[in-house]
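K.L.:
Would you mind keeping the following structure in view while I ask a few things?
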Amino acid sequence: MQLSRRAEIGNPSSRNLSPRINEKVELLGQALEHARRAGMSSSLMEYGRQVARHLSANVQPDEKILSLDIRNLPLLAASYNRRYPDLDLRHMDSPARFFDALNDRSSDGAWRAVVRLADGEQHHVAADVRTRAGAAPTIIVMEGANFYTFVASYFKLRGDSFRQLGTQAKWAFIEVGAQKSAADCVMFGVQFALAAYRELPTFDAWHDNLHHHGTIAHEGDYSSDYMPRRHAGICANKPFSWGEVPPSDLLQALSLQQCN
């Protein structure tokens, strides 16, 4: 690692970090150096430096990092949408905005979103959506942490859905449970949205099941412990590997630092 990068993010080799963390710090350092040479905005550079310092110190993201994640999420979504034109990843900064998008029944469509779960709160979740011409949408929500932590917000979301979308919209909620810190939700949401895109045939089948008989399980499967999170495309530790997103893209490098 070059001296300039060490000054920005610290020297991970001097600490007892795992090879995986060392690799992430090195790759993020490369992305920062590339972004600096490209003249990227100072606010985005500061975001990258803050994330890199947390990684190098081997500490969990905090509320400051979460605020930076939220602030830069539209840029991050745009970056991924350029790379994957059919992804259609959106930032829904309020439940109301999410419902507005779900009310569009003009055409068939598939898109993903990282959604603020409740007004006035910072917690975000991932959603994979199918809209249908003249019919209600189906929505698969992926919670990175624990449902019970946010149970009041989920009850409100469902109640608001009935009022704004009617009773025909079909929802499925998957508790992935991979998030262990209090401030990783945005980046886990991004990764789950990307995993849903990568596993498109599986999610298409789940949406069809949800549309036709109200559950993502196959018809006739009444198992109470049916947990699609076991599918490798959802809960794999590395939904998108570093090799698939070059470290020269600072935004995409940042999206991988917390959940891989």
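Just so you know, glycine gets a Cβ as well, placed from its N, Cα and C.
The feature active site is assigned by Swiss-Prot to HIS123, GLU143, CYS185. Annotated CoA binding site per Swiss-Prot: HIS123, LYS180, SER181, in sequence order, evidence recorded as similarity to another entry.
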K.L.:
Does anything in the same chain, at least 6 positions from GLU143 (active site), have a Cβ under 8 Å from its Cβ, and if so what?
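P.N.:
Non-local contacts for GLU143 (active site): VAL125, PHE150, PHE173, ILE174, GLU175, VAL176, GLY177.
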K.L.:
Taking the Cβ of CYS185 (active site) as the centre, count every other Cβ atom within 10 Å, in any protein chain shown.
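P.N.:
For CYS185 (active site), the 10 Å Cβ neighbour count is 27.
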K.L.:
Other than HIS123, LYS180, SER181 themselves, what residues in this chain have Cβ atoms within 8 Å of the centroid of the CoA site's Cβ atoms?
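P.N.:
Once HIS123, LYS180, SER181 are set aside, the remaining close residues are GLY144, ALA145, GLN179, ALA182, ALA183, ASP184, CYS185, PHE188.
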K.L.:
With an 8 Å cut-off on Cβ-Cβ distance and a minimum sequence separation of at least 6, pull the same-chain contacts of LYS180 (CoA binding site), or say none.
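P.N.:
Result: GLN60.
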K.L.:
Based on DSSP, name the secondary structure state of CYS185 (active site): helix, strand or coil.
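P.N.:
It is helical.
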K.L.:
Can you tell which of HIS123, SER181 has the most other C-beta atoms within 10 Å, given these are the recorded positions?
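P.N.:
Output for this query is HIS123.
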K.L.:
For HIS123 (active site) and CYS185 (active site), determine the Cα separation and express it in whole Å.
P.N.:
6
